[in-house]
Amino acid sequence: MSKITYIGKLLRDKEISCTELTEKYIKSIEAENKKLNAYVNITAETAMKTAKNVDEKISRGEILLPLEGIPMTLKDNISTKNIETTCCSNILKGYVPIYDATVWDILKNQNAVLLGKANMDEFAMGSSCETSCFGGALNPYSTNHVAGGSSGGAAAAVGGNIAVYGLGSDTGGSVRQPASFCGLVGLKPTYGTVSRYGLIAYASSLDQIGPITTSVEDAAIVYDAISLYDKNDATSQGSKTKTTHTLKNSIKGMKIGIAKEYFEGIRDDVRESVESAVKVYESLGAEVVSISIPQLKHALPVYYILACAEASSNLGRYDGIRYGYKTPSYNDINDMICKTRSEGFGKEVKRRIMLGTYVLSAGYYDAYYKKAQQLRGALVNAFKDAFKKCDVIVSPTVPMTAFELNFTQKDPIETYMTDILTVPVNIAGLPAVSVPCGFDNKGLPIGMQIIGNSFDDAKILNAAYQYEQAVKNHTFKELETGVRL
Ligand SMILES: NC(=O)C[C@H](N)C(=O)O
């Protein structure tokens, strides 16, 4: 039984009240958050109020929805009405949204218990959570290592057992990479299946919200709840299928594509773990097919050109007039905007705004931005061809395991390179899930990535579930099973 299912059952069977459950989680957060820095804002009052509503519903004998009463967290770039939403940037400190993001609106209506807002890289720009103005979230497996990024806080909270699940956003790996670093499941859904309305934009054509959970079944439960069509998001399509319905299907005959380009420059132990996982697939009756996607070599520069270009445009709105921070002393409006942005944004965000402005400027647009868009089209077509030969593509999620603290502060290019395996699906709008597949010799988790064709979210979750069930028994029973009771 998955953790969400198990806790839901405890509530329905009245073995624990939602108030008691929530109190226990809040107490754990007070103790553990000092160590993990997973939460940047604890919303105990909101959580207790929701818990009370759930208990009243239970006492009236009403049926609970799957996520009702389950304690969870949201990345701090998901807008929450009347609750501060900062993107972990000094420029947005004190900003309190006047509306809810659609994903939070859906979950709030289902009485999801929001424990707090989770730490992240500033405006989701980073791979370690260390660009957060609140300092980075640490890895529950080793506090000498980062939780990953940018949704590091949500991964640290779920991995550290101070939230049952979290919602992150994935522009170039921000859900899958921290999930991989913290031994969790992270789903980046097909672009358009989950509404982006109220997600504070970084790179709109790449951003997608997704769940971070302790099991594949939980990821499917959360995805099914949030993947609804939303008229407020022009790119919204919703999901056509319920992924929980096909999770347990046999994968006999499923074609697993292995592209050699995804295994170049990977650390040996990571490669070996994924290769062993592929053997598990063969033992389950899946067929392994070799494929090649040469266009993958362009993915990283294409991503960093497009993401920075979109960021430079999206972040133009932080001018000291409309949102958050405003410099205290200035001469005129230009001076005010210049000082506000210089003082409010961190180093990495400034770097990306400048890179983005450069690639969009007259004289450079054709050489960089236009070329990147053309290569984006080529990668989309290359994936289309690849999926004529296989059902899913398997690769490592990250070329290594969790970084030591401060690794990403040293060299931005070296840090960007670690996103090499996660960015291609964002460029092509495809779904991908990271699922734990082993540990390195320091005991740090390794993640395997399963990529699907557009709208094949159910297929990749089915493949992830079958692997997970084959390698471990995911039942959550009593205290030692990981439920905070
Ligand atoms: N936002 C993301 O998906 C993280 C990625 N490393 C980036 O900095 O763009």
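Glycine residues also receive a Cβ, built from the backbone N, Cα and C atoms like all the rest.
Summarising the annotation, TrEMBL assigns active site, charge relay system to K75 (among others). According to its DSSP assignment, K75 (active site, charge relay system) is in a strand. The Cβ of K75 (active site, charge relay system) lies under 8 Å from the Cβ of K117, A118, M120, A124, S150, S151, G153, A154, G166, L167, G168, S169, each of these being in the same chain and 6 or more residues away along the sequence.
Under the heading active site, charge relay system, TrEMBL lists S150 (among others). Taken residue by residue with DSSP, S150 (active site, charge relay system) is part of neither helix nor strand, so it is coil.
Residue environment of S174 (active site, acyl-ester intermediate) contains 37 other Cβ atoms, counted within 10 Å of its Cβ in all protein chains. In this structure, S174 (active site, acyl-ester intermediate) belongs to neither helix nor strand by DSSP; it is coil. Annotated active site, acyl-ester intermediate per TrEMBL: S174, in sequence order.
The feature domain 'Amidase' is assigned by TrEMBL to 20-461. When averaged over the domain 'Amidase' (20-461), pLDDT in the model lands at 97.
Only S150, S174 of the active-site residues listed as K75, S150, S174 bring a Cβ under 6 Å of any atom of ligand 1; the order follows the sequence.
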